[in-house]
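> This is the structure I want to talk about, given as structure tokens.
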Amino acid sequence: MNQQDLKNAVEKRRTFAIISHPDAGKTTITEQLLLFGGVVREAGTVKARKSGNYAKSDWMEIEKKRGISVTSSVMQFDYAGKRINILDTPGHEDFSEDTYRTLMAVDSAVMVIDSAKGIEPQTKKLFQICKMRGIPIFTFMNKLDRDGREPLDLVNELEEVLGVEAYPMNWPIGMGKGLAGLYDIYNNRIELHTDEPEFLELNADGELKESNPIEEESVFQDAMMEVSLMKEAGNQFDEAKIATGELTPVFFGSALTNFGVKTFLDAYLQYAPAPTSHKDEAGEEIEPTEEEFSGFVFKIQANMNPNHRDRIAFLRICSGEFDRGMDVTLNRTGKTLRLSNSTQFMADTRENVETAVAGDIIGLYDTGNFQIGDTIYAGKHAIQFEKLPQFTPELFMQVSAKNVMKQKSFHKGIKQLVQEGAVQLYTNYTTGDYILGAVGQLQFEVFQFRMQNEYNSEVVMQPMGKKTARWIDPEQLDEKMSSSRNLLVKDRYGQPLFLFENQFAERWFAGKYPDVKLTAKL
């Protein structure tokens, strides 16, 4: 691929994550987008879950049973001349680590909000991560088919709670059973709420070109008045502010009834960025159109295909072109690897990928070479992208195999699930017992379920409660420092740390050993 072809291919890519609070409709809107891409023939619904027709992006057994996304799925499709990569992030708050890493691999985000509830805690947390990265955020106010909060309240809340300017691209004409349509500010038309797509044209003043019965409805008159108010007193549309994440375009609609979703997708593709540069550890920007291939591993997933017990490393391509069978260097080890087995995803289905370019997400079959955060490159110049953030756990549990005769599957399961970041592993410095660390309780439940379901290994979990993890320099360590209030353990890399039972125990330790330096992260 020559330089111009590479540039054209990269320009067509749109790679984004969908973020939301649980039950805001994230999976449903993902389904509708896949429908437009021709990937699925019908979108799943909440009711369909009970009949066994699960959402396409929820592939893991526990996700199907509980109706929550606990891993980040990757889906790719073509639409309107663009190659779209969607990363469907975990909606449950316990999976912030996986979500955070996923948000490092995208160029923009779509924030789905339940219009009956407004901004919820998980939405706020995920928004702040996107804002910190300075990536564009597009807002979809979902569930317009149900009665919800006043649209003006929702837009005001965006600005006041999240501290971002908002610009409505369309406006509801009624809601719930009284939903008559959408005033499409972006396309200067009315989108009627009918079984088949139907539009009414507006003149330059934003009024109907031809008379229509909808004019007599009070919801239409209210919408016209609110739109007029926003045009006078609201924010101005500003592409530059969208690009930096300072202004979020707001779309109203219903993912469940597929109303307003296509309008959103078309506008998103026009204003969302193509792949952007990534910084290496030296602070140098690696441009996506650079000829030399590079990328980083942001996720590892074991057992995506239970029949093969495989392990996939998810790679965000940052520059250049990927060709199957190419040789690359793994920066962490300096080892040369041949990328012969590569794949692209549609939840649990996949196909071999021959070529891909910057912006694409591909899966590499992994026999144990990769770790989360690894950089690979194909050029002569070594590249190491900025490290992905690690979260320090607050909840801990001691874990052991229920059946001592199944130690092999127990150890294999723990090794693989820890490598993919499902939980963090520690070892008691004295006894060698395994201790798991997690951000939230659900991570332990998922771990226990997957150990039994995927590795046929029942585990015994003993709660240790909340702890504060603090690392210590090995040269300052004395094993006598350990006590019941500050348990000495090793992390998976062999580095020593203490698990303090509370802040009082930590202060007591600091008073007794004033010269010992403790750190919150390795």
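Sequential numbering from 1, following the chain as shown.
From the backbone N, Cα and C atoms, a Cβ is placed for every residue, glycine too.
Annotations for this protein, taken from Swiss-Prot, read as follows:
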- 11-276: domain 'tr-type G' (DOMAIN)
- 20-27, 88-92, 142-145: GTP binding site (BINDING)
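Could you give the neighbours, burial and distances for every feature on this list?
Around S20 (GTP binding site), taking its Cβ as the centre, 24 other Cβ atoms fall within 10 Å, counting all chains.
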> Count the other Cβ atoms sitting within 10 Å of the Cβ of D23 (GTP binding site), across every protein chain shown.
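That number is 15.
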> Measure the Cβ-based neighbour count of L144 (GTP binding site), defined as the other Cβ atoms within 10 Å of its Cβ.
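So the Cβ neighbour count for L144 (GTP binding site) comes to 26.
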